[in-house]
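Peer 1: I am attaching a structure below and will ask some questions about it afterwards.
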């Protein structure tokens, strides 16, 4: 009975004159893909190419000054040595942020996997990841409330020690790193958690019952298992951190001068777009080099 | 050991939430200079009601986020159909090309957009912000909907077609209803991405057309009152609500077969 209907439907399908001959598959595939990639071309790829072109110009092509082809924008690091120091500071800011995130995040992932189960674990994961998807600017702003002179931290301190001075660290590099760690820690917890959640409890119990101490378990089992998570977390944190500009601006004040803020200045204050473009491309080169180095690990993550 | 682990996780949560809680509390404190002791007051929320620039920026943010969600979800779902269900040459290259909007620091993408939009005559303002926000949201939509596709069996659509349904009809009547939680989740995600976007908006906004984060940033740099805490609190609660609804719909870790 069913088969009859199926056969009927099939014949109807092929005979029915209203049914047009199907278009070749590549036509519909192209039609499905074109809007997305057309949009990305206008919004991402053409802008990056234009910026590359601008980085070889001698001046912003807006006024009357003639614009020539030049490589001088890329010599900025030699011509203006202070840029080297700023670049180094940015890398250090990325290094410390990534390191603190790695230590705190790895331990949090271990605690999640080993000390929680079921609903509690799910709730904790949601709570940890929730701030990550809220406005980063607002979270940085809230640190100024905590760190400022006579702010939350000072008040807590004065409750304990009434006549102590201020321990405000606002407008220091510590504040910048603290704000960045706060912003990116959930990333590291997530990548480490994904790597560790596959560990079979039996392995750790077996190790423990065979007399392994906790540090042996840590170095021989947990860290090697978490390594892909640690690496991809580190890459995904280091890259946005070295390009950050609002965190150093708001929490660092005068000492918060980084590659990010220098680039921002070229576009919003100094109006030197070619220099901004060449600095942006130098930063992009660093980013791409990092991705190329770790692409194997990152691909393993997305495939698994 | 187990106790220590739980204690540590609570400490991490305190670290993550204390500044946010302090910031929110200060929006309800009477003193314009954030002075303590704490005196409860709603004056800053009342002041918001008459702060036209902030309200306008807030309305702009919501409108942009809504339009971004609609466009990005439509385009991203179409692309996801092709990337999940079709085989063709260059597919892995196309998948790789979805990464730049997510992976390149927004400072670089944002300044590049500023240069190109200026140079090509597209200019800045609402349309420029939309072009940028949609581009940032599309990769997430493709990802979320693509994950959804893994839970919908391809042979259901084939079965419908073998029963005489056209491919288009089979997609709309069989696959789409099964896919709809993922699509709705993707739309919420796109909405949240746009609502929270600051860097790109910062470079593409004009003095006459800004979004809430851009307005908050300029307030932070030029001097501010607890009004900023009040609006920040609303923005934060808004995006948290959107993400919690998203988590409810999309269940990112859920790959059970839906039949």
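FYI, residue positions are counted from 1 along the chain as it appears here.
The backbone N, Cα and C atoms fix where each Cβ goes, glycine too.
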Peer 1: Which one of A:217-242, A:243-268 shows up in TrEMBL as transmembrane segment?
Peer 2: A:217-242
Peer 1: Do you know which of A:9-31, A:124-146 TrEMBL annotates as transmembrane segment?
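Peer 2: The range carrying the transmembrane segment annotation in TrEMBL is A:124-146.
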Peer 1: So are the transmembrane segment (A:37-57) and the transmembrane segment (A:174-196) touching or not, going by 3+ C-beta pairs under 8 A with a sequence gap of 6 or more?
Peer 2: no
Peer 1: Under 8 Å, at least three CB pairs between the transmembrane segment (A:91-112) and the transmembrane segment (A:217-242) (pairs 6 or more apart)?
Peer 2: yes
Peer 1: Near the transmembrane segment (A:217-242), which residues from the same chain, at least 6 beyond its ends, have a CB less than 8 A from one of its CBs?
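Peer 2: Residues 90-91, 93-95, 97-98, 101-102, 105-106, 109-110, 180, 184, 187-188, 190-196, 198-199, 203-204, 207-208, 258-260, 283, 286-287, 290-291, 294, 297-298, 300-301 contact the transmembrane segment (A:217-242) from elsewhere in the chain.
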